[in-house]
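K.L.:
Have a look at this one before I ask anything.
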Amino acid sequence: MTRRAHGEAMSWTKDLEEQLPGGEEHRAHGERDGEAASAALLAQHKAEEARGSEVVDPYGASRQAMPRPSEQVSSLNASLFVLGWLINNIGVTLLNKAAFQFVKFPYPYTLSAVHMACNTIGTLVYFGVFSEERKKRKNLGIDGQRRILAFSLIFAANIAIGNASLKYVSVNFNQVMRSLVPGVVMVIGSQFFGKSHSADRKRTLVPVIIGVMLACFGEMHFSYLGFFVTCFCVLLAAAKVVLSNVMLTGEFKLGPLDLLSRMCPLAFVEIITVAFLNGELAALAADWPELSQSKAIPVVLISGIASFTLNITSFYANKMTSALTLSVAANAKQVLMIVIATIVFGTPMNAVNGVGTMIVLAGSAWYSQVSLAESNASEPGKQRG
């Protein structure tokens, strides 16, 4: 059809519509239908752009496209940070225990002070390199500074007592006892902050408690002093979890590394003061000629550096992955820690200890699953893969 013939046909059709009853109305409906169709196509195009990874074919069927290179790199980075967190978590505990048992560095408070010094230097370097992150730091008033100081006491005590507990008990016993932390967090949250917890979550603590009782029975390097120190460590760890949540999500909403940079210098001063008052620094000075010639100093320094990289990998792993990923990694860490510690440190474990440990691990996995399910139910669409 020529352009002229096409134009005449369109003109004839328009005249016919005007002559027929309701012709104007028919044409108006047609124009509105055309506009609606155009709007629908535009909306579909925008939806396809927003989805990015999903392709829609002409017949309305959708199929999953190949992952983009940027998505593959992001997934690889997330996996590397989770792996780094897992290695650092196991490494710090094993290095601390090795410092006490293998290289004869019986100074838990000095070890903790080294950790705080490494974290202080690490955060200074981090905010020095990443200037944009430094600009995001918040200015706290007098009330905020007081809360930071109060929290630093709990923070320092948790680290110092936690390291000290490894001097008196096995890594296995320490890990099993730390499985009680979620239960203590529940108690503190309900008693002091008015938080409520579901019956399902409370039920998950039953196998954990039973498993801990079995794991503590018999030959797992048990001592009453180590038991009470570890119990105090569990209480401090739970308090630190609750107060960290308050500082990170409450009134101040500090970033994790921002909070760390404020806590570590104060914790260093507090811990080193305790080391001085209880005579640990004097004993360290007396042993220094011998220690300086041993492997103790490199082990302690590597442990301090690993404690900072643990905080970095923990922050980014939490940012780049999901709660499910970290829950699985945490459960894997517990199993690996117990297996490795049993082999490396020769920790004896009888059948009752073994059964109790497995019950604790199963209970911890159940708790993680229930906690994640409740989190997904309350915040749909926020979980990452």
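Cβ atoms are placed via backbone N, Cα and C, with glycine included.
Annotation comment: TrEMBL describes 1-35 as region 'Disordered'. Annotation source TrEMBL lists compositional bias 'Basic and acidic residues' at 23-35. Taken from TrEMBL, the feature transmembrane segment applies to 76-95, 107-127, 148-169, 227-247, 259-277, 297-317. Residues or ranges marked as domain 'Sugar phosphate transporter' by TrEMBL: 78-368.
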K.L.:
For the transmembrane segment (227-247), could you work out the same-chain residues 6 or more beyond its ends whose Cβ comes under 8 Å from its Cβ atoms?
P.N.:
147-148, 151, 154-155, 157-158, 161-162, 164-165, 168-169, 173-174, 177-178, 180-181, 184-185, 187-189, 192-193, 216, 254, 259
K.L.:
Looking only at the recorded stretches 76-95, 107-127, 148-169, 297-317, which one has the largest tally of CB-CB distances under 8 Å to the transmembrane segment (259-277)?
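P.N.:
It is 107-127, which has the most Cβ pairs under 8 Å.
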K.L.:
Where among 107-127, 148-169, 297-317 do we find the most Cβ pairs under 8 Å to the transmembrane segment (76-95)?
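P.N.:
The stretch I would name here is 297-317.
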K.L.:
The transmembrane segment (297-317): which same-chain residues, six or more beyond its ends, come within Cβ distance under 8 Å?
P.N.:
78, 81-82, 84-85, 88-89, 91-92, 95-96, 98-99, 102-103, 105, 110-111, 114-115, 117-119, 121-123, 126, 256-257, 260, 291, 325-326, 329
